[in-house]
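Let me begin by presenting the structure, written as structure tokens, before commenting on it.
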Amino acid sequence: MASITGALILAAGKGTRMHSDKPKVLQSILGEPMLRFVYDALEPLFGGNLWTVIGHKADMVREAFKGEDHRFVVQEKQLGTGHALQAAWGELKAAGLDRVVVVNGDTPLLPTSTVATFLKEAMDADVAFMTLTLPDPGAYGRVVRHNRRVVAIVEAKDYDETLYGPEPDEINAGIYCLRMDAVEKLLPRLTNANKSGEYYITDLVGLAVAERMDVIGVECGQDPNLLGVNDPAELIRSEALVRARIALNWIEKRVLIHAPETVRISPRAVLEPGAEIYGPCEIYGASRIARAAVVHSHCWLRDAVVAEGATVHPFSHVEKAEIGPDCVVGPYARLRPGAVMEEGARVGNFVEMKKARLCKGAKANHLTYLGDAEVGPGANIGAGTITCNYDGVHKHKTVIGEGAFIGSNSALVAPVTIGAGSLVGAGSVITKDVPDDSLAIARGRQTTLPRRRNS
């Protein structure tokens, strides 16, 4: 019978060194919670056999992954990594696991391939863990060996050279593979007799050695991908490495990225071969950029769809909006959630759309607000046009028919419909529906008087 291996992510800590109100695992990297990168690394290996221990501001962590299929275990009191494992043990055992891989939730650089290799090396051990060798071990737990055999892991603040000898530069990377039936008898023996007063998962190593179990430390050199994030400086360094990794991945897939060192792309974004991106630029969330689409510099996109042949000019802001084939956006345009541009539509400088649709070939080239509106095919919206969609209590819809022409500086007070082929004179305030093929003018008649001069 094949053995079953699962994974447990430790994500309950406060992350006090971040000096943030957010839990550490929710700190942002390229617009995504740090924890998402750990999920991305582990899900290909463990699928549904993946649990996350949460504790500090647990509801905030749940909310960040709302709608996603994750298994959470709550550590009511944050009493250390060993206590977190104890809190999750019942669920791990109920799942029938033979082994569990334990990973810290603050390792956003962790590659799937590294975990897969570690699993192969750890399969014959009762307790296995990954180690790094660093010139400056800092606050990481030290790996104590005797004749190359692992003896213990000792936290930096508890290390005593009189007991363990000269301080080593080999540190614990915080990734473990534990055989369930072997470790189960050790868990109750964890104590908090240390300077932090916490139950350390690292103490399982010393206990396993004392029981003559098979314990191995898998040496990984100086691999920076295994290091955790503990403070803002480390977060920034990790984000820079992730950003470079993602940009290189898309370049290798034939996406043309100019100044890639200035382009920030979410791990959930999808770029098709032949897309062209100019930095600096930010592409977040589940954005999709199609082939032959161009996104120019200083643009900000989140959950945006940019279809084939579309162009987004500089300084445009696009969020939860759809830009159709061969559309043109900007410069300095803002598409808010619910904005949809159909094929060949154009939105120019200082135009804002929200819950509005520009149908095929429609244009709003200058200084316009389109909110809760539908603009028919081929319609033209003049500069300074405003759809007045909010009466102070409710939002109302504006419908502009096919081929309609709205003159500059017009206000369309919703709910209102402008019929197909109709023309609204410049400067009008339209409060009533306009039939098809009509001319509507709603403004004061011009009066011209002789100029009076001072005597």
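Backbone N, Cα and C define each Cβ position, glycine as well.
In this structure, His366 (active site, proton acceptor) is part of a beta strand by DSSP. The feature active site, proton acceptor is assigned by Swiss-Prot to His366, with sequence analysis given as support.
Listed in sequence order, the residues of the same chain lying 6 or more apart from Ala12 (UDP-N-acetyl-alpha-D-glucosamine binding site) and placing their CB within less than 8 Å of its CB are Val53, Ile54, Gly55, His56, Ala58, Gln75, Gln78, Ala84. For 10-13, Lys24, Gln75, 80-81, Gly141, Glu155, Asn172, Asn230, Arg336, Lys354, Tyr369, Asn380, the entry in Swiss-Prot reads UDP-N-acetyl-alpha-D-glucosamine binding site, with the evidence type sequence analysis.
Less than 8 angstroms from the CB of Asp106 (Mg(2+) binding site) sit Gly13, Gly15, Lys24, Val25, Met34, Gly228, Val229, Asn230, each of them six or more residues away in the same chain. According to Swiss-Prot, the Mg(2+) binding site annotation covers Asp106, Asn230.
The acetyl-CoA binding site annotation in Swiss-Prot covers Ala383, Asn389, Tyr390, Ser408, Ala426, Arg443, and the record cites sequence analysis as its basis. Asn389 (acetyl-CoA binding site) falls outside any helix or strand according to DSSP and counts as coil. For Asn389 (acetyl-CoA binding site), the count of additional Cβ atoms within 10 Å of its Cβ stands at 23 [all protein chains shown].
Annotation comment: Swiss-Prot describes 1-232 as region 'Pyrophosphorylase', evidence class sequence analysis.
Distant neighbours of the region 'Linker' (233-253): 18, 27, 29-30, 34, 37, 108-109, 224-225, 227, 260-261, 263-267, 271, 273; these residues of the same chain sit at least 6 beyond its ends, with a Cβ under 8 Å from one of its Cβ atoms. Per Swiss-Prot, region 'Linker' is recorded for 233-253, and the stated evidence type is sequence analysis.
Per-residue confidence over the region 'N-acetyltransferase' (254-455) averages out at a pLDDT of 97. Swiss-Prot lists 254-455 with the feature region 'N-acetyltransferase', giving sequence analysis as the kind of evidence.
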Revision key, fill the gap. Looking only at the recorded positions His366, Tyr390, Ala426, Arg443, Leu10 (UDP-N-acetyl-alpha-D-glucosamine binding site) has its closest CA neighbour at Tyr390
Check your understanding: For Gly80 (UDP-N-acetyl-alpha-D-glucosamine binding site), which residues in the same chain are close in space, meaning a Cβ under 8 Å from its Cβ, but six or more apart along the sequence?
Key -> Asn192, Ser196, Glu198, Tyr199, Tyr200, Ile201
Exercise for review: Write down the Cα-Cα distance for His366 (active site, proton acceptor) and Ala383 (acetyl-CoA binding site), rounded and given in Å.
Suggested key: 5
Point to revise | Greatest inter-residue Cα distance in Å for the acetyl-CoA-binding set Ala383, Asn389, Tyr390, Ser408, Ala426, Arg443 | key: 22
Review point. Reported as an integer number of Å, what is the Cα distance between Arg443 (acetyl-CoA binding site) and Tyr369 (UDP-N-acetyl-alpha-D-glucosamine binding site)?
Key: 20
Review point. Any idea what the Cα distance is from Tyr369 (UDP-N-acetyl-alpha-D-glucosamine binding site) over to Asn389 (acetyl-CoA binding site), rounded to a whole Å?
Key: 10
Revision key, fill the gap. For Ser408 (acetyl-CoA binding site) and Arg336 (UDP-N-acetyl-alpha-D-glucosamine binding site), the CA-to-CA distance in whole Å is 23
Check your understanding: Distance between Ala426 (acetyl-CoA binding site) and His366 (active site, proton acceptor) at the Cα atoms, whole Å?
Key -> 14
